[in-house]
């Protein structure tokens, strides 16, 4: 933290002389604060203080003024320190915050795991014979396209319901208890999947399990963004993508084992379902002891608890730690107060579309996450099935899937390095551009029936997975946590994830029709379709997606308020803590309200 000793001394001076505003004349008490006329002309953000006698009690308004301006100075100091904090310093100062964020994000492993095994089941022989039908022409067993679509719709519908339930639950009990409740229900609903004897039971189980998965999707991102400083936010929000990949890799390994050892046994699909019981209990215990988000606590007016929560995320002890806590709480309060000045109501879903600023932020957040589906990533989730339909053997299809997820994990780690040199928009747009080219090549290879073209299309899909996890996938988790206002962050993320789910449903239906031999049977030629859709997503990103790298939440708020265009976000500099229009008269009964209003208006 920059110049902590100065802040400590400033607070001591304020305590010893509460009637004097730091750095101003001591002879009289200010009765109004206004900008100097020449300063206004010059455009300089300097506060000029006029003094005159006041008939009121000598200390009350001065004390309030000092407190308000000190809080704003503290908020600005915290914001500047956060923006300039190196990664090593952030890890040394906030190691506990990083650890708690990693713990909460680990819940996404279960969603990545289960959604991956569902797609892999369609290529598993025992699952095909148990729940599928035989193709009269080829003699092969296959799950019908209608059931594949139905199962996909069930878990995505469950996620949509779960996301909608997450909003009011967080408002009521907070992030921690909402996650614990979701983990409990996930463990309970897994029994339905384990004891399934029909596709109908699997559909019910998937729909019910989808509800806690929806909760995980929202809260892992919002919790990581609110508990960690700017220097760590990219790494810890994109860790959500790593958890997805860990779950998918785990699923690919289990499914390859099932394909080899349990090809003719019900354990081939029961064992993968049973392994979902491993994580809920230890994760629930860990989350119970985790600190609540200080942003949520401040919004609820529980400032002492917010300070305790922040202390649990910081290393060290003594006055410097307490100053860090005070600065951070003041910054959160100023940010939330500025947002509250825009509306007198508690944040609701309708507020996400209430005015031009929030409509823009909501639109960008929703379309940014929807881009994960329209770029063709849903095809990666059905990779084993895709490889098989492209002409690759069943065993090699499972092997390709394992390699694909390993490449994705390596790519996500590489994105952490790339984030030092490239912005969020740069990585997002680069990923879209590369995938557009590769999908067209895959489509072209699909026009040939040679063995080399089949292996080539499979290899290129692995390349798509690599660059998707280098650019688009991890960056989205960061962007969707930065675009919304803090007051509406949880609700905006819920709307965005539901947008993604709806778009994913449409994309999944299209993919299953494209790959199923009884429907369109496009095989690798489906790459042409996804190349076009990916290119359309790239055009949107160029026009509408701002660059937020290196910007704090307060700066992003100000940039949206000023209506800065997407491509000018990166170069535009703002100072959201400057007081440009302080009240001209603080001699009435509520000087605090007027000064807060003048600060909030900026």
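From the backbone N, Cα and C atoms, a Cβ is placed for every residue, glycine too.
It should be emphasised that the depicted structure is a prediction, and the values quoted were computed from it without experimental measurement.
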For the transmembrane segment entry in Swiss-Prot, name the matching range from 59-79, 80-100, 143-163.
143-163
Do you know which of 32-52, 179-199, 305-325 Swiss-Prot annotates as transmembrane segment?
179-199
Would Swiss-Prot have residue 106 and residue 452 facing the same side of the membrane, if we go by the names of the topological domains it assigns?
no
Near the transmembrane segment (179-199), which residues from the same chain, at least 6 beyond its ends, have a CB less than 8 A from one of its CBs?
104, 107, 110, 131, 143, 147, 150-151, 162, 169, 173, 205-206, 208-209, 211-213, 215-216, 219, 270, 273-274, 276-277, 280-281, 283-284, 287-288
The transmembrane segment (398-418) touching the transmembrane segment (460-480) per 3+ Cβ pairs under 8 Å rule:
yes
For the topological domain 'Cytoplasmic' (481-492), what are the DSSP-based totals of helix, strand and coil residues?
6 helix, 0 strand, 6 coil
Is it the case that the transmembrane segment (398-418) and the transmembrane segment (493-513) have 3 or more CB pairs under 8 Å, with pairs at least 6 apart in sequence?
no
Between the transmembrane segment (364-384) and the stretches 143-163, 235-255, 493-513, 526-546, work out which stretch tops the count of Cβ pairs under 8 Å.
493-513
